Amino acid sequence: MKKVLNKYSRRLTEDKSQGASQAMLYGTEMNDADMHKPQIGIGSVWYEGNTCNMHLNQLAQFVKDSVEKENLKGMRFNTIGVSDGISMGTDGMSYSLQSRDLIADSIETVMSAHWYDGLVSIPGCDKNMPGCMMALGRLNRPGFVIYGGTIQAGVMRGKPIDIVTAFQSYGACLSGQITEQERQETIKKACPGAGACGGMYTANTMACAIEALGMSLPFSSSTSATSVEKVQECDKAGETIKNLLELDIKPRDIMTRKAFENAMVLITVMGGSTNAVLHLLAMASSVDVDLSIDDFQEIANKTPVLADFKPSGKYVMANLHAIGGTPAVMKMLLKAGMLHGDCLTVTGKTLAENLENVADLPEDNTIIHKLDNPIKKTGHLQILKGNVAPEGSVAKITGKEGEIFEGVANVFDSEEEMVAAVETGKVKKGDVIVIRYEGPKGGPGMPEMLKPTSLIMGAGLGQDVALITDGRFSGGSHGFIVGHITPEAYEGGMIALLENGDKITIDAINNVINVDLSDQEIAQRKSKWRASKQKASRGTLKKYIKTVSSASTGCVTDLD
């Protein structure tokens with residue numbers, strides 16, 4: 001008996017009582033033969049106003065062509081996106097993290113309302129990646145991700161530059177390290193075309209995680225946006241989704257606990273973004289896999305940082321692809337017993353089978369260090385707890401900034417206040433900069449602090465100050481930084497009670513973050529604290545404040 005591949009779409013196309021549905025489909029130029037084909041949603045996060053996303057419509061057409069060669073019916077649709085790079089440092093960043101959940105909601109909505117049988121999702125930027133994955137997990141219909149791809153490095157006066165060079169140019173100009181003319185040249189040459197930010201920032205981090213999970217094709221995460229290889233990846237979409245339909249392989253068959261462990265190992269080795277903690281927690285929630293921030297610490301305790309990527313290192317993703325790409329790194333880790341090779345992937349094969357014929361990394365490469373010569377012996381993503389963060393926080397400690405910082409609190413109730421303080425010389429060596437009321441509810445939207453960290457680095461204070469916040473950090477942030485502090489200030493967490501001059505210790509060796517205050521003093525301050533007014537009174541941000549969970553549970557919006 002022939003297997004039914006259109007088991008969802010036939011609800012509309014073959015049921016005589018759905019005449020109006022069929023009339024509208026005929027009106028889209030479908031014919032009689034099309035009515036019996038499996039319908040594949042092709043969900044692109046295309047929009048013109050961002051280098052990460054500007055080319056995705058073209059990729060979606062390549063995917064549609066590939067799907068239809070396999071006697072399937074491709075149905076393209078778009079969802080929204082927010083460019084962190086464009087909105088960074090403004091109130092627009094409040095909309096960034098919540099766009100992840102809106103993307104998941106909208107893809108789930110279109111796929112469910114229109115009864116599509118499978119999904120090929122095409123994200124390009126930071127929050128696009130987990131948003132598409134959360135939708136795949138919720139729907140649990142055959143599907144996979146095609147990453148829009150990474151950007152090529154910019155070049156200025158013979159030297160490679162990227163988006164973080166542009167962010168740091170303002171601080172460098174303020175401190176006299178570069179001229180205004182050099183700043184202008186930097187921002188005009190940092191982004192040479194389509195593709196996601198080139199270092200191990202959030203988009204590339206999540207692309208690596210998705211490939212390690214088995215939810216994208218091999219090499220997807222390291223192939224550049226404008227390469228022939230990215231077109232070839234799109235050309236494989238039809239046979240890939242048809243195979244998934246025929247074998248009835250669904251996301252929950254692939255996104256298992258062991259697969260998430262593979263993802264956590266790879267992003268640790270790669271030196272990935274702190275945002276991966278939030279996003280992997282949210283992705284795991286979408287498939288009912290029990291994952292917690294403590295699991296990240298367990299992985300960090302036994303996994304080294306090997307990749308020398310920007311922002312703290314030298315290289316970008318295009319450099320890695322030139323020497324073998326992400327699969328070559330995974331093959332090295334598999335040989336070392338650090339990955340679960342028996343995990344199923346969207347090829348229909350196991351991870352180990354996918355990697356069997358992948359070439360090894362060159363012995364003399366300088367991008368990926370050998371296991372016996374790591375950049376850092378343990379993971380850079382450290383989960384810190386203590387009286388400042390009883391429910392946890394996430395530190396990004398590469399080792400270059402040290403592992404212990406003791407200093408005095410310099411407290412700001414917004415990102416803007418802190419930026420003004422740096423500009424006027426009110427941030428000094430030895431400060432623990434505290435930026436609060438920037439959490440999921442308080443921000444709202446838990447905005448990223450790339451502007452403050454870039455300003456600190458550009459001003460030459462990167463080795464001399466620490467920054468803690470209930471907000472997030474961009475994948476482009478580096479320095480001695482601790483984010484995701486929970487409970488957040490808006491909910492009366494300890495970060496709301498800190499005052500200028502408080503002595504704070506950040507210890508990434510023992511995983512603690514404490515303020516030197518007695519329980520009596522803390523209780524006294526707590527009794528005086530009053531909740532602040534919601535920053536959003538209408539619309540999507542108000543709904544987000546009411547539904548979002550804490551950073552330690554992934555900032556998801558569909559928990560009970």
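Note that Cβ sites are derived from N, Cα and C of the backbone, with glycine treated the same way.
As written in Swiss-Prot, here are the features:
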ACT_SITE  Ser474  active site, proton acceptor
BINDING   Cys52, Cys125, Cys197  [2Fe-2S] cluster binding site
BINDING   Asp84, Asp126, Lys127, Glu448  Mg(2+) binding site
MOD_RES   Lys127  N6-carboxylysine
Cβ within 8 Å of the mean position of the Cβ atoms of Cys52, Cys125, Cys197: remaining residues of the chain near [2Fe-2S] cluster: Asn50, Thr51, Asn53, Ser83, Asp84, Gly85, Gly124, Asp126, Gly148, Ile151, Gly195, Ala196, Tyr201, Ala203
Rounded distance in angstrom between the Cα atoms of Ser474 (active site, proton acceptor) and Cys197 ([2Fe-2S] cluster binding site): 11
Per DSSP, three-state class assigned to Cys52 ([2Fe-2S] cluster binding site): coil
Length of the line joining the Cα atoms of Cys197 ([2Fe-2S] cluster binding site) and Asp126 (Mg(2+) binding site), in Å: 9
DSSP state at Asp84 (Mg(2+) binding site), helix/strand/coil: helix
Chain-internal residues near Cys52 ([2Fe-2S] cluster binding site), provided their CB is under 8 angstroms and they sit 6+ positions away: Gly81, Ser83, Gly85, Gly124, Cys125, Asp126, Asn128, Gly148, Ile151, Ala194, Gly195, Ala196, Cys197, Ala203
Long-range Cβ environment of Asp84 (Mg(2+) binding site), under 8 Å and at least 6 residues apart: Met93, Ser96, Cys125, Asp126, Lys127, Thr202, Glu448, Leu450, Ser474
Cys125 ([2Fe-2S] cluster binding site): tally of other CB atoms within 10 A of its CB: 28
